[in-house]
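Features as listed in Swiss-Prot:
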| type | residues | note |
| --- | --- | --- |
| TRANSMEM | 33-53 | transmembrane segment |
| TRANSMEM | 77-98 | transmembrane segment |
| BINDING | His83, His182 | heme b b562 binding site |
| BINDING | His97, His196 | heme b b566 binding site |
| TRANSMEM | 113-133 | transmembrane segment |
| TRANSMEM | 178-198 | transmembrane segment |
| BINDING | His201 | ubiquinone binding site |
| TRANSMEM | 226-246 | transmembrane segment |
| TRANSMEM | 288-308 | transmembrane segment |
| TRANSMEM | 320-340 | transmembrane segment |
| TRANSMEM | 347-367 | transmembrane segment |
Amino acid sequence: MINMRKSHPLLKIINHSLIDLPTPSNISVWWNFGSLLGVCLGLQILTGLFLAMHYTSDTLTAFSSVTHICRDVNYGWIIRYLHANGASMFFICLFLHVGRGMYYGSYNYLETWNIGVILLFTVMATAFMGYVLPWGQMSFWGATVITNLLSAIPYVGTSLVEWIWGGFSVDKATLTRFFAFHFILPFIITALVIVHLLFLHETGSNNPTGLNSDADKIPFHPYYTIKDILGFIIMFLFLMILVLFSPDMLGDPDNYTPANPLNTPPHIKPEWYFLFAYAILRSIPNKLGGVLALILSILILILLPMLHTSAQRSLMFRPISQCLFWILVADLFTLTWIGGQPVEHPFIIIGQLASILYFLIILVMMPLAGILENKIMKI
């Protein structure tokens, strides 16, 4: 009798994706983040579903319903904080996953990479809309400021903003539609993840050397299933420490004040995972220029395959490019810090310099370093 997992139409797909998948024998812990992202997505959908059972998307009761979840619903507090801090874990894994792709040249798998960039945009949009739902001060003003950026679009900007708001300000209509989109988008993300994996399994995984690994592959199960489970345990350990000991560490205290359109918080800022892009947006005095820079800060990832000039795929054996990569990482940390600071001296100039350096490294310095390394190899 033929093994059922190899013959059954449905089990066959799972078998080819998770069990008998030929995987390079030398992939490191940096390849764990894909599976961790899958677990994060599952956790967010599950906790989000239970939160949606008790949440009301009305401006008068939204804030109270979140309080009710935390105080009166059985284990509501842990569901709420797992969802809020699960988003932070999601973005930590997401940034490390993208960073891995940049370091080891995984962007040369064009379809997989481009779907990944679309996924990044979709997850960011979902997280932004989720941040609006508790209807605290930062939720309301964050929604007002970020959606208002669309008014910078020439000619149609103002109409577009009012169309998104469903009125002349962020109000009940905005909250209701944001809740609807926040609920549906994770399922669209799940579909995109399947497409992402489909394209990845067409080419097979990259590996740290960036070389062809067809000659040395091992089955995904049991080797990498065990490795992934270890990753899950470590991630859940960190998540539970965060949820049980300091659940509000990554949040904003202003969000514990109900939304008030008549009172602007002294410093409006998004969640920590958007601060780098927010710093780039604020570093340009012109509104339209800032919005374009904000979009380009993520969209620039699509250009990476075109900016690849090196004869080698990975940065593993390229010391000059390695230095630039880690300067870029430090620059992103700087931008994240600046995004959380008030708009005053010296933070303005630091933010502007960090923003220039961000684009300069990716668009100019990395491609030049690749050309230089090619020449050094020929000496």
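Positions of Cβ are set from backbone N, Cα and C atoms, glycine also.
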Please figure out which one of 33-53, 113-133, 226-246, 320-340 racks up the most CB pairs under 8 Å against the transmembrane segment (178-198).
113-133
Please give the sequence-distant neighbours of the transmembrane segment (113-133): residues at least 6 beyond its ends with Cβ less than 8 Å from one of its Cβ atoms.
55, 57, 62, 66, 87, 90-91, 94, 98, 101, 106-107, 139-140, 142-143, 146, 174-175, 178-179, 181-182, 185-186, 188-189, 192-193, 195-196, 199, 270-271, 273-274, 298-299, 301-302, 304-305
When a 10 Å sphere is centred on the Cβ of His196 (heme b b566 binding site), how many other Cβ atoms does it contain?
21
Other CB atoms, at most 10 A from the CB of His83 (heme b b562 binding site):
21
For His201 (ubiquinone binding site), write down the residues of its own chain that are at least 6 apart in sequence and whose Cβ falls under 8 Å from its Cβ; none is a fine answer.
His16, Ser17, Leu21
Taking a Cβ cut-off under 8 Å, which residues six or more beyond the ends of the transmembrane segment (33-53) line up next to it in the same chain?
69, 79-80, 82-83, 86-87, 89-90, 93-94, 96-97, 100, 182-183, 186-187, 189-190, 193, 228, 231-232, 235
Tertiary contacts of the transmembrane segment (226-246), as residues 6+ beyond its ends and Cβ separation under 8 Å:
29, 32-33, 35-36, 39-40, 78, 81-82, 85-86, 88-89, 93
For the residue listed as 'ubiquinone binding site', the three-state class that DSSP assigns:
helix
Report, as a single number, how many Cβ atoms besides its own are within 10 Å of the Cβ of His97 (heme b b566 binding site).
20
Including all protein chains shown, what's the count of other C-beta atoms within 10 A of the C-beta of His182 (heme b b562 binding site)?
21
